[in-house]
Amino acid sequence: MQKINHFLNYLEEYVGVASLIFTSLLVFVQVVLRYVFNYSLSWSEEIARYLIVWFVFIGSSIAVREKAHATMDALVTYLPIKGKKIFSIIANLISIVLCVFLIWSGSGIVTSVIEFGSVTPSTGLPMFIPYLAIPVGASLMAIRFLQLLVQDIKSFRSEYTMIPPSKEEAPKL
């Protein structure tokens with residue numbers, strides 16, 4: 001299990017970083033060519049757009065892993081520790097269900113695009129490649145939410161919780 005987790009970490013980070021670097025370089029080259037040499041690459045904006053889509057979905061999985069997604073915990077902070085843990089378990093379950101829906105609907109879109117044989121306008125790249133980011137990213141997020149769910153269930157009886165303590169539970173300085 002640890003090897004799989006390490007592989008997923010490696011995959012997410014390197015694909016995310018590579019797509020971000022390549023997108024930045026591509027946009028930079030496009031700007032220089034357009035404004036200095038009055039020449040434009042017809043395919044660069046299209047490729048940059050699709051790389052950004054992939055980066056967003058891979059980055060979302062990294063954000064789940066790092067617990068970096070935006071949260072609204074104004075009411076949850078007033079719950080006792082057990083209530084926070086139950087809330088966290090429910091939130092992770094709902095997130096997994098939403099990820100499964102994204103996987104299912106994204107796979108349907110990818111299948112449709114493959115059946116129609118759609119290609120991108122500038123490069124002729126099969127259109128299923130950009131759309132594949134939806135089920136792949138949602139699958140990675142579902143795995144990460146499942147890991148958080150298991151972690152929350154294991155820590156249910158301990159004092160550990162990722163949700164900040166309420167004012168009454170916070171240590172006095």
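Heads up, the Cβ atoms here are built off N, Cα and C, so glycines get one too.
Automatic prediction, not curation, is the source of TrEMBL annotations.
Pulled from TrEMBL, these are the features on record:
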TRANSMEM  14-35  transmembrane segment
DOMAIN    25-154  domain 'Tripartite ATP-independent periplasmic transporters DctQ component'
TRANSMEM  47-65  transmembrane segment
TRANSMEM  86-107  transmembrane segment
TRANSMEM  127-150  transmembrane segment
For the transmembrane segment (14-35), sequence-distant contacts whose Cβ falls under 8 Å of one of its Cβ atoms, 6 or more beyond its ends: 41, 44-45, 47-48, 51-52, 54-55, 58-59, 62
The domain 'Tripartite ATP-independent periplasmic transporters DctQ component' (25-154), counted residue by residue under DSSP: helix, strand, coil: 99 helix, 2 strand, 29 coil
Within the predicted model, mean pLDDT of the domain 'Tripartite ATP-independent periplasmic transporters DctQ component' (25-154): 91
